[in-house]
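Feature list (source: TrEMBL):
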- 6-21: transmembrane segment (TRANSMEM)
- 33-52: transmembrane segment (TRANSMEM)
- 109-132: transmembrane segment (TRANSMEM)
- 152-171: transmembrane segment (TRANSMEM)
- 183-207: transmembrane segment (TRANSMEM)
- 230-257: coiled coil (COILED)
- 384-401: transmembrane segment (TRANSMEM)
- 431-452: transmembrane segment (TRANSMEM)
- 472-493: transmembrane segment (TRANSMEM)
- 529-548: transmembrane segment (TRANSMEM)
- 582-639: region 'Disordered' (REGION)
- 588-624: compositional bias 'Basic and acidic residues' (COMPBIAS)
- 625-639: compositional bias 'Polar residues' (COMPBIAS)
Amino acid sequence: MSGAALGLEIVFVFFLALFLLHRYGDFKKQHRLVIIGTLLAWYLCFLIVFILPLDVSTTIYNRCRHAAANSSPPENNNVTGVYEPVTPAPRQHPCFKPWSYIPDGIMPIFWRVVYWTSQFLTWILLPFMQSYARSGGFSITGKIKTALIENAIYYGTYLLIFGAFLIYVAVNPRLHLEWNQLQTIGIAAANTWGLFLLVLLLGYGLVEIPRSYWNGAKRGYLLMKTYFKAAKLMTEKADAEENLEDVMEEVRKVNESIKYNHPLRKCVDTILKKCPTDYQEKMGRNMDDYEDFDEKRNTYPSEKSLVKLHKQVIYSVQRHRRTQVQWQILLEQAFYLEDVAKNETSATHQFVHTFQSPEPENRFIQYFYNPTVEWYWECLLRPWFHRILAVVLSVFSVIVVWSECTFFSTTPVLSLFAVFIQLAEKTYNYIYIEIACFLSIFFLSICVYSTVFRIRVFNYYYLASHHQTDAYSLLFSGMLFCRLTPPLCLNFLGLTHMDSSISHQNTQPTAYTSIMGSMKVLSFIADGFYIYYPMLVVILCIATYFSLGTRCLNLLGFQQFMGDNDMTSDLVDEGKELIRREKRKRQRQEEGENRRREWKERYGHNREDSTRNRNVHPDPKEPNFSDTTTNWSSKYTRANNRTERDRIELLQDAEPLDFNAETFTDDSLEPESGRYQPGGRYLSMSSSIIFEDI
């Protein structure tokens, strides 16, 4: 089994990263380099998290083996010649080789390759690919040029700082830094930046994840929050449609001004290919005239303006598509939560859906997950499961907060993670060690990574599921993961006292710690910042628990979901009305389809039989074509028969308008003050959302 566990985890983590990237990215439409770069960044970060417990168990075994090799029986210094028995040394626990033992020399090389590859991605390659993906250039050379210009300041800042540091070291005669020490300083600088962001994200996730599962057991809470999301998403959807219309109008003007023989016509054709299909059909190519482009001496757009327009088209089309997909997903979620609320009082214990799923369900799932099982799970078991899970996660959060505040204490050992690992180390229970390490670092990773997936910075960075994340956000998430994972692992090793700089013991370090170098070069960081800064997680957890960030954003005008706020109540009512309209619209569509199906079943066979009989036995008294046309038009013009009117309505797919005579007044024709503005404007500002999980 030597090295087999490492190989299995490498394969498993690859498919895990591929699955998550498939959920958020779009393999068919996005550039292959974007997919490969993001996949590599996610894969390396997840791989570090999964492999680190194996490194811990291997290090504990190596410590036991070296201790046994260095121990020797005491010498007999008897010079009198009289036999004196030698007291044997106390018997130590045998050093069993763990099942996941990795041979010496493999882990240092593995960590070195993984670490430096991730650092190359996050500091050099991914920022360049971000600018390349957002560029509106029409050629590879143009996109590379734009990316280099945008990253010149970014790269120049680091080079300036590094150059100033080298000059300072060269001028100061008391400082003699070698290459290994310079490498350690660079690693410490990167980890310091990552630790600063890590504590912020960790403080939010430690509170929000247990609270989200606890609120998941409240049906009324989830339904109200869904209504709130619907109101905000509708505003964003209307804004995206309006923005797309404006951009398409600019494209139409450019398409009409630049003729078929203009040198920039290829650029216009490239822009048209990025437009939605219906807009392409409306605009088409302006090739019906044969006038030269310079005869009228009109003012034509420059290539730089076309590059800017190309960038706007890519952004507006992607945003419009994302809001459309998210709206449909949110509708399905709202309909399902309303069905759960209705079925909770069902006496038959059978879950009944208002709308059937458009996709056919698997027979295996349909057999085991029948309506009865679904009712017991959704209405009875699932709330209790969420409550129990929330309590367990809350206990983990308390353990993490306590350990973050006390991990620097070695005598006595106050960090609970260190206590658990040291107890298992005494008995050399490697299975328990690996499980404890995996659960600990996995929980820390979930708290940090889930915040990265949930956070939203306006429309600048947003990870949207169901293949709706743009290339820029995917690459930015890869950068964040590569910068957060190394300090996360070092923080975990410090909590378990596996880092010798924390435990202050002369023991063999882990292979991961060895590639980081000795932090004694920067003692103010090793003994100061790394020790005391993680304690701020307590303040961040308290702020998250009382929703201080949400309240501040709400005061600034960015509407957030708060149960004790009037604006939230208004948006909930607005979203409820939107869901009710969409539900009624879908019900009318299903009723229309059922009526058309019944009409075909009732009249379709008779019509086919009569047509077949007329073809086989023609009627000599049958009128000519002109008479038939006249009779047909007069027949449907009069429309005195109700059956004929129903047929006409079915053929035209007419849908009746919503009308309520009791509530219809003249005031309803005017917009409400402060609720709805002309042009589809609502109160919410969904384009400015932070920590949103729509």
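Indices start at 1 and increase along the chain as displayed.
Backbone N, Cα and C atoms are what each Cβ position is placed from, and that goes for glycine too.
Residues 192, 195-196, 199-200, 202-204, 206-208, 211, 397, 400-401, 404-405, 407-408, 490-491, 494, 501-502, 519, 562 of the same chain sit 6 or more residues outside the transmembrane segment (529-548) yet have a Cβ under 8 Å from a Cβ within it.
With respect to Cβ pairs under 8 Å, the transmembrane segment (472-493) is most closely packed against 33-52, considering the stretches 33-52, 152-171, 183-207, 431-452. Counting Cβ pairs closer than 8 Å to the transmembrane segment (33-52), the top stretch among 152-171, 183-207, 431-452 is 431-452.
Model confidence over the coiled coil (230-257) stands at 92, taken as the mean pLDDT rounded to a whole number.
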